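Just below is one structure, and these are the notes that go with it.
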Amino acid sequence: MSEQAPVKKYSVFLPKTDFPMKADLPQREPKRLERWKAESLYRRIEAKRKADNAAGKGRGREVLHDGPPYANGAIHMGHALNKILKDVVVKSRWMEGYESPYVPGWDCHGLPIEHAVEKDLGPKRREMSRADFLQRCRVYAQKWIDTQRTAFQRLGVLGAWEQPYVTMDPGYEAETVRHLAKLFKSGSVTRKLKVVHWSYGARTALAEAEVEYADKTSPAITVAFPVTEAEAERLDLPSPMFVPIWTTTPWTLPSNLAVAMHPDLEYAVVRAGDKHYVVAVTLREDFAKKLGLELHTVEVRKGKEFQTLVARHPWIDRQSPVLLADYVVADTGTGLVHTAPDHGVDDFNLAHHLGLLQLVGPDGKFLPAVDDPELEGKNIFECNPLVVDKLRRIGALLHEETLTHSYPHCWRTKTPILFRATEQWFITMDSELAGKGRTLRELGIEGVEQTQWIPAQGQNRIHAMIAGRPDWCISRQRAWGTPITVLRCEACGEPLVADSIFEIASAAIEKGGIEAWAELPVEQLLPAGAVCKCGSKAFQNETDILDVWIDSGVSASVVCEAHPELSRSDYSQFIYLEGSDQHRGWFHSSLLFNLAATGTKPYKQVVTHGFVLDGKGQKMSKSLGNVITPEEILKTLGADILRWWAASCDYSEDIRISKEILDRSADAYRKIRNTLRFLLGALADFDPAKDVVAEADLAPLDRWVLEAFARTTVEARDAYTRFEFHCATQAIHGFCQLELSGRYFEIIKDRLYCDALDSARRRSCRATCWELAKGLCTLLAPVMSFTADEAWEQIPGVEGSVHEQRFPELGGTAAEPKWEKLWAVREAVQAAMEPHRAAKTIGTSLDAAVEITLKDPSEWDLLDTLGESLDDLLVVSSIARSAASSAAIGPIVTVTTHEGQKCPRCWNHKGGHGAGEDAALCVRCASVVG
């Protein structure tokens, strides 16, 4: 038996690149990061953009101002999301040709660090001087700054990391004091006795932004305040008479000084057994159910008719007069409101003229002034059951139940807050500012309206907050913070404010930090001849410190003054990008402080993102075991996959993350990496100096793909500009998947692998791949920062880092109908092939002969204008054409197995045109091999 001759094998021109298929990001990214640092990439980019601007080739300057994270603890997913989004903004602005300096910052003062250091020190804290304690706070904060800086850089975030702004730097602290002086000069700062949010856990006043709400279960009680027989007779009321009030804070009853009624509400005098009560008419039935008694209405009067009524406190020997108040409502309780001016804003405004008892200390415990052994020294909330029991014993408790309601808590200690009347420093919202002729509230509302809020609903949110907010309490009774550098009279407590004090204090703080304030002798600070209104000449340094929101609120102007790269910046044109909780935080404080101190709003655009939740939409917490940390992702997947996740989400709402979601991001990353690898593989030995092809000489298919890429570029650039990064990633990913991998790559493989090296078609597609590789790397750079730079290095003829480049300037044109018709036909052909592939009657699409029926001959005429072989574009070996009206709903495709000889080199069924041992080759391959 004769042996079969061996089949001759032919070589093709396969892609070749050093850009690996396996990304290995956790290992490769840190090495690239070190190189960026060694090459001072950030400084290099900024220098290049400055030079462009100086030469008239730049776009100007756009600055994203970093909202400072708090220097306490490792970064979490919220930090990662925020920093990645900011980095996308900065890098996309660089790519547009802007200078976009990014100066990262840290917020360092405040209660969490102070508490952490106190906990570390334990009993040693009492033996330590104030200056030594503040130094320990500095060391603690610096440790976390260093930790967070390393983590942020590992995410691929470029910026002035070696020169950040840090609110605990002595220079920054001094500038904060100088801005505080401007605030005082504007007339917007005052010291007054007022009810404020008070954290007994932190022993300090809180601003609105430092209060969060959580459910709390409280006792809800109805209490009878007796009216003497003589008093009832004076107002022609029956006896015995009681005024019932309803409250969820029994602990405030020792501080009761009045009862409030609405002047225009109708109140019924009712009889229950042998006792009489006054209750709002609309709450009569509810009151009867609570008492479990049948009520008989004696008469009905308006609230204002009880204006002179004086009740008695249930167990303390003092009066509790009725006061009229419009804020009283009759939707719950009795329509009569217990009033303790020490512990409620409305109560204080209504009844502070009756005096303040100040029975509760800064630690939330009753002081000796309460004059009650049962309560003295105990926490107010622990006293609720004690007060209820006391009322029960004396017969004043009419009804008791429990109520779960939303209650304010301290955002740091998580303890429920109390309202407490204390003397504090405030920025007033409704006083006319010096030289401005308007109030801070008016300026704030105007500033909100002049700012672009993204998403737009953010404007309504902050507008309502500023329109309705109270005066801003800016003083804190703590140690670790910027001091309020004024003097206080030792005799009466009256403050002494002077420009000279601010100047001396800021100079001392610039040299020695905030520690210097407490050590400055009063004699050095006191203006010559200073005497208090009370006649005293003895003063002391103020011990209160500033609300930390002032520290970060002043950052825009301080950073502009302190950092050379921002020295020419107009901070009213800054971009802010933070979580949505900052409407009541940094966005709010920055706006109000800058308007009051400098008259300038600190931003032109404010972008907000949602919170990071787990895959089920739940908040991540250790107790639920659903926490995913950036560190875990960086070790397993790498930064670019995390960056893709962040940029591809619609961050205007809360964002979810889970292993499955990250797997999808990793899959998208792999597809894009493979796209880059194909493009780079096509460029082996490509020399731009001789291999670039003029646009007019490009093959029609190559012109089509470049036009499609131009449309993608316009779409992605617009999305970056609009801060809609998920639209940019969708456009880029869609182009890679559909136009490139799904169409262009499949078609050009034949000419790229099998045409002669110098064929016009092959040169055209290689030149096109070169343009696509460059353009795609720049579009990806803001998001896939490491990978885009890695791929950029593999492109022949380019220099530097991809981050130094600019987006391609391409004008998008509408897709041509002839190409749209081709893709519709191609989809129909591919769909028709699927059953044959499944039945294994064909292998590749080149094994197929197809018959295509279109609606009428004009459609074939349109396709013939493509200027390319339809066989090649549809990747089949032959096409039979027909036209019939029955194809009105779309192409009709019939697929059969091609009977022609298969070329052993390109697999097209057009073989049999070679000679000798190459007889099986097609015409094209025969000419290449020969």
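Any Cβ shown, glycine's included, is placed from N, Cα and C.
According to TrEMBL, the features are:
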DOMAIN    32-658  domain 'Aminoacyl-tRNA synthetase class Ia'
MOTIF     69-79  motif ''HIGH' region'
BINDING   GLU578  L-isoleucyl-5'-AMP binding site
MOTIF     619-623  motif ''KMSKS' region'
BINDING   LYS622  ATP binding site
DOMAIN    702-852  domain 'Methionyl/Valyl/Leucyl/Isoleucyl-tRNA synthetase anticodon-binding'
BINDING   CYS903, CYS906, CYS922, CYS925  Zn(2+) binding site
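Within 8 A of the CB centroid of the Zn(2+) site residues CYS903, CYS906, CYS922, CYS925, the other residues of that chain are CYS754, PRO904, ARG905, TRP907, ASN908, LYS910, GLY911, LEU921, VAL923, ARG924, ALA926. For GLU578 (L-isoleucyl-5'-AMP binding site), the number of other Cβ atoms no farther than 10 Å from its own Cβ, over all displayed protein chains, is 20. For CYS906 (Zn(2+) binding site), applying a Cβ distance below 8 Å and a minimum sequence separation of six or more within one chain yields VAL12, ASP750, TYR753, CYS754, CYS922, ARG924, CYS925. With helix defined as DSSP H, G or I and strand as E or B, the motif ''KMSKS' region' (619-623) counts 0 helix, 1 strand, 4 coil.
The CA atom of the residue listed as 'ATP binding site' is located 63 Å away from the CA atom of CYS903 (Zn(2+) binding site). According to DSSP, CYS903 (Zn(2+) binding site) sits in a coil region rather than a helix or strand. In the predicted model, the domain 'Aminoacyl-tRNA synthetase class Ia' (32-658) has a mean pLDDT of 94.
The number of other CB atoms found within 10 A of the CB of CYS925 (Zn(2+) binding site), across every protein chain shown, is 26.
Every protein chain shown contributes to the tally, and the Cβ of CYS922 (Zn(2+) binding site) ends up with 25 other Cβ atoms within 10 Å. GLU578 (L-isoleucyl-5'-AMP binding site) falls within a strand when secondary structure is assigned with DSSP. Comparing GLU578 (L-isoleucyl-5'-AMP binding site) with CYS903 (Zn(2+) binding site), their Cα atoms are 61 Å apart once rounded. CYS922 (Zn(2+) binding site) falls within neither a helix nor a strand when secondary structure is assigned with DSSP, and so counts as coil.
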